[in-house]
Amino acid sequence: MSELKLENCRLDDRFDILECLGRGSYAEIFVARVVRTNGDLPPKVVIKALNTHLQGEPDPELERTLIENFRNEAEALDRVRHPNIISRLGHGVALDLEGHLFHYLVLEYLPGGDLAKLCNKRPLPIEDALFYLEQICRGLAHAHSRGVIHRDIKPHNLLLTEDRRTVKIADFGVAKIKLIEMQEGAITKVGTEIYAAPEHNPNGETTLLDALARANRDHLTPAADVYSLAKTTFMLITGRAPREFSRRPITKLPENIADEAWAADVLRVLERATQTDPGERYQSVTEFWQELQAAVRMADENAPTRLLADERTVIAAPALDEGEKELKRYAHPSRIVVPVAAQTSSRPQRVQALAGAQVDETDLQPIGRNLRRRVLNWTISLLFSALFVALLFATHSYVSQWRQARLAAGAESRSSIGQELVATTDINLRSGPGASYPRVGLAERGSLVRVLDAKNNWVEVIILQHGRPKEDPTSADRGWVNGNYLQPK
């Protein structure tokens with residue numbers, strides 16, 4: 001192995017290389033400080049250097065393939081520029097301190113780590129997983145629309161910004177040409193093997209050139225990325241890599257999440273997305289995202305609302321106006337009818353016993369039994385009445401608290417109308433107050449907006465000043481956004 005000697009040196013008279021972040025089979029990744037710029041570069045960047053001799057002396061054909069693939073990565077990144085795809089900031093050819101020639105890319109530096117590290121110790125809550133997956137699907141859908149299939153989607157290639165609010169797809173090294181893996185090699189592919197679609201590495205292919213020969217025969221579709229994205233979803237929600245489902249569909253979820261309300265529907269989506277036959281999968285990431293989102297939303301809508309300490313007591317929250325009407329209707333408990341022992345009218349009334357007279361106690365027993373029965377029946381009646389009143393009071397308290405919370409939330413949302421706020425991250429503008437409404441524009445991080453209307457946690461805004469130049473000049477400047485991602489300027 002011959003590593004490039006680049007640490008503590010200056011590249012292209014602009015980049016001071018600080019340290020090596022990692023090495024693959026044919027590439028080395030460095031972080032560098034920008035010392036000279038025209039204002040078009042951030043303070044830190046990543047230098048991705050191609051080292052064709054990292055695994056020893058390569059044969060000429062393999063070396064040419066690696067160099068061509070590296071150039072194709074630069075071209076692919078230029079074609080798929082998107083807020084959820086890592087940005088290429090430059091490229092070039094240079095000599096290291098020992099005179100070895102190498103090609104390099106200058107990439108955006110994302111210090112927030114990757115999704116593999118984020119969910120390695122613990123699975124992400126389903127809401128957090130969907131938050132990241134929506135961004136990944138947007139980036140992948142854009143790449144597919146530009147004719148680029150990534151072919152190596154996995155948690156390690158999904159990088160986070162410093163605040164961990166934005167995820168970006170990285171490592172397009174195998175995207176343009178039909179090769180299996182440049183960064184980790186074609187033989188030792190343990191990490192990629194877990195996530196890669198079967199058509200990427202069929203049985204019998206053991207070298208990079210074998211993979212190239214097959215790629216020239218076969219036509220890949222976006223369904224290959226859908227497969228890898230589904231395996232990535234498994235990692236995010238379970239906290240473990242899907243090793244047991246390598247090269248086969250996902251057919252079950254771990255016990256720790258199998259009982260979740262959304263588990264069965266999400267498993268159905270993942271199983272279809274990881275079918276061996278590409279034609280049986282979702283044919284686009286948009287279709288996959290819609291099915292996954294619907295599966296979780298369906299579970300949320302069907303989840304019961306719990307009341308009081310006893311989990312067996314389930315009372316759905318009534319609509320506000322109807323709830324008040326129901327309380328008025330049942331302000332007084334209904335009469336509870338308890339059967340009373342019937343009296344026999346044909347039986348003659350017993351006369352009062354005179355003093356000193358003997359009384360047959362057998363004749364007194366029916367009266368005692370009748371009295372005890374009446375006391376028992378009235379006791380049961382009172383208990384039922386008390387329970388009914390208690391339940392009615394609990395329902396009234398619950399509805400009152402729920403109404404106050406709704407009114408408070410509405411008042412807080414309405415109080416923000418007219419305010420000027422700043423976007424804390426890139427936020428999608430949607431046509432209505434909810435994530436299910438179509439996307440109509442983008443409020444970039446740092447954008448200045450004015451609130452026009454509010455509904456629960458969603459606010460309608462108009463962009464006064466974009467945080468960076470618009471990527472799509474035709475996109476809307478007015479729409480609904482999640483208010484959690486806005487803050488006072």
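Using the three backbone atoms N, Cα and C, a Cβ is placed for every residue, glycine included.
Where the annotation comes from TrEMBL, it is an automatic prediction and has not been curated.
These figures come from a predicted structure and were not determined experimentally.
Going by TrEMBL, these are the annotated features:
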type	residues	note
BINDING	Lys48	ATP binding site
DOMAIN	15-296	domain 'Protein kinase'
DOMAIN	411-489	domain 'SH3b'
REGION	469-489	region 'Disordered'
TRANSMEM	375-394	transmembrane segment
List of residues, in chain order, with Cβ under 8 A from that of Lys48 (ATP binding site) and at least 6 apart: Ala27, Glu28, Ile29, Phe30, Tyr104, Leu105, Leu107
Counts of helix, strand and coil residues, the region 'Disordered' (469-489), according to DSSP: 3 helix, 8 strand, 10 coil
Confidence summary (mean pLDDT) of the domain 'SH3b' (411-489): 87
